[in-house]
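J.: If you scroll down you'll find the structure; I have some questions about it.
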Amino acid sequence: MKQRTDSQGVPYSYLVDNIKVVLIFLVVFNHLIAFQLVKVDMVVRYVWYGITIFHMPAFIFISGYLSKKPQDVLKNVKNLLIPYILGYSLTWYAYIWTGRSMDYELLRPSGTVMWYVLALFIYRLTIEALGKIRFIVPLSIIFALWAGTRPEFTTYLSSSRIVVFFPFFVAGYLWKSDYTDVVRKFKGKWILLLVSALLLYAVPNFMIANEIPVDIFRGNHTYQLSGMDDITGMLIRLLMYLVSFVLVLTLLALIPDVKLPVTFVGRNTMGIYFFHYPIMIVLNGLLLLSIPQMLNVWVLFGVSWVLVLILGSKPVSFLYGGVLNLLTFILFKRERQVQDEGLEDEYDEDDRYEIILKRKKAIEELAATLDEEDARKVKDDVAAVLEHETEETEEIRGEDFFVDEDLEMEEGMDDAGAPQEFEQLQDLDDILKITEPQGEMEVLLKNKEEKAQD
């Protein structure tokens, strides 16, 4: 897998973008056929069941994979909470404009697709703590199976869906790129395609034959509200986890890891997700989805691609990002972001030059207290690291710039690669670990600051 490490600590590859393209298309296509076509075409109904069982679990898995970076509350408010409010409001207005009634219940996002954005906001703010729990994936599955028996988990704050889909998010969060390499190098990976095809054929047939509603895959209600007893509901939900994880592995194993003509869409999936459903509500309200020509699966297949390509284009992405940035500018004080979030001591660009000098002096003073051999090793390492760093920091000293990062679903894929400064300063931290007495360095820095103040 072609990789380069970006500022998010997530290896970049075209693979992830291409998977997101496939999944966002399935989201759009599945929503489009659900308005009218599934009511009149039984074959499409099978397809609808098959897509519903895995497309959002897979999307949430990828979102978890791209959420490894320490999360900032304000950033998630901008990138997720504000879009949630706007997206819900836009969907509500689309219903009202087309003559349908819909109560404005911001804390109960049923009837919209924005539950995912709210869930992602909550996942991101809790994953650093929950991701440290041992056996968190099986434990979260057990909890989700139990939650289906409890009426407390409802559409309020999407609590039911948040619990049901959390295993996929935490699995993605814990997934490593090395695992992907193993899956892609597996000689029998084409067996995954066969297994996936069999599951996607057998499960919808079983559910439709037994009149089990697709609602069980959405995780929106208790088992009883979905028309089944608790034991049956648990087994069906467990089946969903099995099928979804197999499909995720299949996508990771077989999706091309090369740049394709549609790969750019994978960088702009949030705008597609945000706009596509209100557009469909308007189309359906105008009865455009009920005309005979639109009751053809291949026509809707093409319409779905048109929506994906238009809403995933740069102009729409620019519009979406511009609105968010404008609202953020109005609502919040625009603060300079930390460039390097990997260091224990976060630093701002304005103080970068001085901090590097302090680190250099502290290391040299600590080296003076070591044995001659260890001191020489430390000084040699410092010289090698700082030879380039001091020249580069002189050039950028006094510069003022602001780094604005892409949204989540778009998150983790900047095109520039890892900043050299980040890697070099990490090397400095590694050198500090050689000397080990971190406390001594802090004391020295503190003493130097006090002397400077005196």
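From the backbone N, Cα and C atoms, a Cβ is placed for every residue, glycine too.
Heads up, TrEMBL stuff is auto-annotated, nobody curated it.
It should be emphasised that the depicted structure is a prediction, and the values quoted were computed from it without experimental measurement.
Features from TrEMBL:
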DOMAIN    16-309  domain 'Acyltransferase 3'
TRANSMEM  21-40  transmembrane segment
TRANSMEM  46-67  transmembrane segment
TRANSMEM  79-97  transmembrane segment
TRANSMEM  109-126  transmembrane segment
TRANSMEM  155-175  transmembrane segment
TRANSMEM  190-209  transmembrane segment
TRANSMEM  238-258  transmembrane segment
TRANSMEM  270-291  transmembrane segment
TRANSMEM  297-327  transmembrane segment
J.: Does the structure show the transmembrane segment (190-209) and the transmembrane segment (155-175) touching, where I'm treating 3 or more Cβ pairs under 8 angstroms (sequence separation 6 or more) as a contact?
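T.: By the criterion, they do not touch.
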J.: Hey, which of 21-40, 46-67, 155-175, 238-258, 270-291 has the most Cβ-Cβ pairs under 8 Å against the transmembrane segment (79-97)?
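T.: The stretch I would name here is 270-291.
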J.: Does the transmembrane segment (46-67) come close to the transmembrane segment (155-175), meaning at least 3 CB pairs under 8 Å for residues 6 or more apart?
T.: yes
J.: When you scan the chain for residues with a C-beta under 8 Å from the transmembrane segment (270-291), skipping those not six or more beyond its ends, what do you find?
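T.: Residues packing against the transmembrane segment (270-291) from afar: 24, 27-28, 31-32, 35-36, 83, 86-87, 90-91, 93-95, 97-100, 112-113, 116-117, 307-308, 311-312, 316-317, 319-320, 407-410.
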J.: Any idea what the model's mean pLDDT is for the domain 'Acyltransferase 3' (16-309)?
T.: 94
J.: Residue list, the transmembrane segment (238-258) vs rest of chain: Cβ under 8 Å, 6 or more residues beyond ends.
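T.: Distant contacts of the transmembrane segment (238-258): 1-2, 13-15, 18-19, 22, 53-54, 57-58, 61, 141, 145, 167-168, 171, 180, 183-184, 186, 189-190, 192-193, 195-196, 199-200, 203, 216-217.
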